[in-house]
Amino acid sequence: MTAAVTAAVPVAPRVRAVLRNKLAVVAIAVLAAVLVAAVFAPVVAPYDPAAQDLLVRLRPPAWLAGGDAAHLLGTDQLGRDVLSRLIHGARVSLLVGVSAALLAGVIGAVVGLVTGYVGGWPDRLLMRLADLQLAFPSILLALAIVGFLGSGLWYVILVLGFTGWVSYARVVRSEVLSLRSRDFVTEARAIGVPGLVIMRRHLLPNVLAPLATIGTLHVAAAIVAEASLSYLGLGVPKSVVTWGGMLSDGQLYLGTSWWIAVFPGLALMFTALAVNLAGDVLRDVADPKAYRS
């Protein structure tokens, strides 16, 4: 009885069209490289990211005068290898981004399904709560909550997850409002199928595509937000290597040892951009209406 309300443009031609897009291929390649670096960081990184050697402090990248081939991207003010710290920082960025997006997606999907299908006072109450949260900039709300709870990896994930559910909920609610009058839903209700079963079996599968698209965008936003919190000293503890922490460490050396801050900044920028482009790719593959031959 479940009907897939996505339409019938075959997936394979859409995938081929995406792969002909060079920008999409580059974005996927960047994400793959970051993922490999994050998963295999202890193997890929040439040094322990916390290992200090003051004899080689502030060494420039290998291709500059005074550089050392043993430290391809140079060293920081404590003689720590920038490349190794960059690779290990990818682990935290991806963990925070993906975990926060999953948490926000679960909360938003539940709220969107309930408000869209049930309607009535739950809809009015939860949507007013969503409007209230949207009235506050998410990064300021995250700063306030982290400042109150304290810093820590899981605190950051929880804060970014609980401050990011609104966009998921609004999109899911909109989709459910258009789906609940479809024949496969009305027929299920007519034969007495419980509402929870209808939401789980008939409505949820039809909102997964927009959820996944929003999720990729939220991953990028969460990565940037985590870096911002770490830069301000309110995110992950200093003992954990993060791109935001590297930016904070390198800001005093921008005039002389620019590589300490520039390389994590570039990694952050290109990763966020690649995730956003991957979201566009996912939308084109998952949504037949977005397909262009």
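Each residue, glycine too, has its Cβ placed from N, Cα and C.
TrEMBL lists 23-45 (among others) with the feature transmembrane segment.
The annotation domain 'ABC transmembrane type-1' is assigned in TrEMBL to 90-279.
Annotation source TrEMBL lists transmembrane segment at 92-118 (among others).
The transmembrane segment feature in TrEMBL is assigned to 125-146 (among others).
The feature transmembrane segment is assigned by TrEMBL to 152-172 (among others). If you look at the transmembrane segment (152-172), the same-chain residues 6 or more away from its ends with a CB under 8 A from one of its CBs are 92, 95-96, 99-105, 107-109, 111-113, 115-116, 126, 130, 133-134, 138, 141-142, 145-146, 207, 210-211, 214-215, 218, 221-222, 225-226, 229, 235-237, 240.
For 207-232 (among others), the entry in TrEMBL reads transmembrane segment.
Annotation source TrEMBL lists transmembrane segment at 252-275 (among others).
Long-range contacts of the transmembrane segment (92-118) within the same chain: residues 34-35, 38, 126-127, 130, 153, 156-158, 160-177, 180, 195, 198-199, 203-204, 207, 211, 214-216, 218-220, 222-223, 226-227, 236, 240-243, 268, 271, 275, each at least 6 residues beyond the stretch ends and with a Cβ under 8 Å from a Cβ of the stretch. Here the transmembrane segment (125-146) has Cβ contacts under 8 Å with residues 111, 114-115, 155-156, 159-160, 162-164, 166, 169-170, 173, 225, 228-229, 232, 234-235 of the same chain, all six or more residues outside its ends.
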